[in-house]
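According to Swiss-Prot, the protein has these features:
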COILED    116-140  coiled coil
COMPBIAS  140-155  compositional bias 'Polar residues'
COMPBIAS  312-326  compositional bias 'Polar residues'
COMPBIAS  327-344  compositional bias 'Basic and acidic residues'
REGION    136-155  region 'Disordered'
REGION    171-192  region 'Disordered'
REGION    275-344  region 'Disordered'
TOPO_DOM  1-39  topological domain 'Cytoplasmic'
TOPO_DOM  61-68  topological domain 'Lumenal'
TOPO_DOM  90-344  topological domain 'Cytoplasmic'
ZN_FING   239-264  zinc finger
């Protein structure tokens, strides 16, 4: 007859009760651990106080040879009492912890069953409200641990790559062990890998550009401030597709730089075209030789090249002539011409 008059509870009410019990069990576990440590602390302090009182009473009551034996017996007995009491206290609180943990696991399984029941029985709007209220907490509590594991593995891989590239040739190679456990595959990650472009698949394990900049000192920061050469005075190269940072450039060169994104491979064109300098011919030298060391223009075909006259009878006089001083006198030229005519 009791079942006829009993009222069935809604899944939302049951879920609320189960969630409250789960929070209560978690608080109880924290209280049990705190009680365990505090009980051991007070137990140790009580044993030390009792042992010190017994030692003082023994030292004042008994004579010299007897009080030594009694003191040794008290120390041995106190040690046995401390170890035995510690074992009993730890066993008691371990039993309480196991029982509370089992109740917590049962409550969590009951919660999952109720959530599945809500998905199957209630309407979409009511089920969505209940799931948004209770299911987000569990997912938010599980995802950070998985993300932290993935981030930790990625950091280990980056540390190994950095140690390999920065290592000097005279140093020994020391490689940090990387865990060989496979990363848990998810459908979202597999779908993203299927939708990746060939450039992204080829550069999925690419390493950043080396070398890494050393850490700036106080002197470097002062010089950067006065010379306007620090990171604050430079423009960042940001990809227009994935908004990834691809290094920095000087403000004067920023509008004319085109770069390819390290993450997605998109070619970011320069915002401006560089200035084109006019092509100018270099000036001509005195003997048809340009200042850049090249020969001058070729004379036309009809024009005969001018052949300079060579002196058939070079002088053997070692005295410097007038031509060496920069000018030739007319009498010397006439004398040379007459000498050539007589010989011919």
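Each residue, glycine too, has its Cβ placed from N, Cα and C.
It should be emphasised that the depicted structure is a prediction, and the values quoted were computed from it without experimental measurement.
For the zinc finger (239-264), DSSP puts the residue distribution at 3 helix, 7 strand, 16 coil. Mean predicted confidence for the topological domain 'Cytoplasmic' (90-344): the pLDDT average there is 64. Across the topological domain 'Lumenal' (61-68), DSSP classifies residues as 6 helix, 0 strand, 2 coil.
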